[in-house]
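Record features, source TrEMBL:
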type	residues	note
COMPBIAS	158-172	compositional bias 'Basic and acidic residues'
DOMAIN	147-245	domain 'Cadherin'
DOMAIN	246-363	domain 'Cadherin'
DOMAIN	364-477	domain 'Cadherin'
DOMAIN	478-585	domain 'Cadherin'
DOMAIN	584-697	domain 'Cadherin'
REGION	156-178	region 'Disordered'
SIGNAL	1-22	signal peptide
Amino acid sequence: MQPRTPLLLCVLLSQVLLLTSAEDLDCTPGFQQKLFHIDQPAQFIEDQAIVNLTFNDCKGNNKLHYEVSSPYFKVNHDGSLVALKNISAVGKTLFVHARTPHAEDMAELVIVGGKDIQGSLQDIFKFARTSPVPRQKRSIVVSPILIPENQRQPFPRDVGKVVDSDRPEGSKFRLTGKGVDQEPKGIFRINENTGSVSVTRTLDRETIATYQLFVETTDVSGKTLEGPVPLEVIVIDQNDNRPIFREGPYIGHVMEGSPTGTTVMRMTAFDADDPATDNALLRYNIRQQTPDKPSPNMFYIDPEKGDIVTVVSPALLDRETLENPKYELIIEAQDMAGLDVGLTGTATATIMIDDKNDHPPKFTKKEFQATVEEGAVGVIVNLTVEDKDDPTTGAWRAVYTIINGNPGQSFEIHTNPQTNEGMLSVVKPLDYEISAFHTLLIKVENEDPLVPDVSYGPSSTATVHITVLDVNEGPVFYPDPMMVTRQENISVGSVLLTVNATDPDSLQHQTIRYSIYKDPAGWLNINPINGTVDTTAVLDRESPFVHNSVYAALFLAIDSGNPPATGTGTLLITLEDVNDNAPFIYPTVAEVCDDAKNLSVVILGASDKDLHPNTDPFKFEIHKQAVPDKVWKISKINNTHALVSLLQNLNKANYHLPIMVTDSGKPPMTNVTDLRIQVCSCKNSKVDCNAAGALHFSATSVLLASLFSLACL
């Protein structure tokens, strides 16, 4: 057995990552010297030996492999550490990891006078160069255990050892924590007698980077004698993850004509390896540009930041001269600071060259011709323009304006959104007889303003010559409508008016004939030659064909063209009222009880089809004959109503009472209407009018009948 070592030796032994036999007196696997101090030179010279390392796995060093924490160094087969290129700053510490199928170990090189840089494994692993100091009054000595990820079989393999300088005989080591008795369980275990710590499977730093374990010593009953003491297991990162672009799609835009060095977009990749090492130190470059015209190097990417910028002159960045305004760049991200040994990942960046309004629209010709029939409306010509700018932008879309020749606002122009053409339309009918030709001056501009150094030129204006074609227009009545006022009931044959229609085609010298188009009541006649209108029947204001005292008729004026053209005119006749309608009463039937205490029979109303003053006030009377009737009475209520009442109760019977009503016209008109009155039996809240008995007349009517009978004898 090897004698117990002092504290410094225990710490040194704990740095050994793989011990094939902790108690072998003849050979101790690992680096023979684990710590070196070298002064920072002005520059490490390429291929010049810096230090010689000696590693022995006690098995012949078969398949020995070295890894250096900095990508700028390597270890030759003879153990010499050399720089891959001339380099000045490498940090304060370098770590060299040696590995064979039987053993592995770590050596540390302290650069005296060096400065910290990214990738220092001393920062990553929190690896203390000096020996750990055990806690006061404790004999358990532990140091952090460093284990490279992705180790291959065989497992389990020893990775470190815990030393207890004062462990009672028969006591045992016990290991606990995440990775032992907590999920993920069973990754680490400890030899309870020797304190050797072993790993049972491959580790993945990207899953768990460190494990916080605890070591204690127990007696045979399991009671803790000392501890727990923390034991940190640090998983050493291997470059096993490629950079990934995970924020795509990547689409950037740059305005045409942008200055050289304009930033377009930023591409950033993610590397799951340790960001404090070169395993995740990324460098970017452009692998391919499509298309490669007008230059194969239109863009540059900042290798560290990933910013893509333009590198060509503004003149080459002209959207209108480019073969394709869209570029696709294959961007590569490489770890290990871009060294050839680094892993790579790619993504596509799409860059759109955006248009600016640096080309004014131009008419395809200076003059356009159009023809239109007089009286017609709608599009008469499409004005075409050319514009080299992007058709999807306001730098291409055209806006047209009529700047001369449209005083009557008879024309309008609008842009066709699909073709960008100017659609010139007639919106107010043109008259050939007034003007057979029109000339318009039209300008075209863009929705977006032009860039400052570009302006609209003569090609942005055009002239449109419009020829108006003569057509046979229908005659026009004047005035229209024609209005006359006449009294109703004028004599048949009365002349109302002579209509007047003129032919707009003044140059054709055509004749006009007239006819009736609509005469709802059939009251009118028109002379086809001179247009004189007279009556063929009595005009009646109260006719159902008259509305609000106005009668409407339509006439036609037909010219002698081939084919003939027709115009329509309206005649409105306002009819003045005359007193030609007698008033009438309502209602004409009433009931009253034979024993009624209230002798009021009915309230009568009167109406008249005529207008005021040929209507109310009305005069109500009982039409009396030679002998006055002493049974009935009628009393005026207002201008349009009167009350009929009894002077005494009557027997149950039907009575006819002649009522005379007279209007206020001059001369007045009178109407006599029989009011039928039923005297009913009203007993026990029941009204019985069915057995009213024989028809009874007023006393006067009875008296007249008697006198007539006597005369016939």
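Glycine is no exception: its Cβ is also placed from the backbone N, Cα and C atoms.
TrEMBL does not curate its annotations; it predicts them automatically.
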For the domain 'Cadherin' (364-477), residues assigned helix / strand / coil by DSSP: 3 helix, 53 strand, 58 coil
DSSP-derived helix, strand and coil totals, residue by residue, for the domain 'Cadherin' (147-245): 0 helix, 47 strand, 52 coil
Structural state census, the domain 'Cadherin' (584-697) (DSSP three-state): 0 helix, 61 strand, 53 coil
DSSP-derived helix, strand and coil totals, residue by residue, for the domain 'Cadherin' (246-363): 6 helix, 48 strand, 64 coil
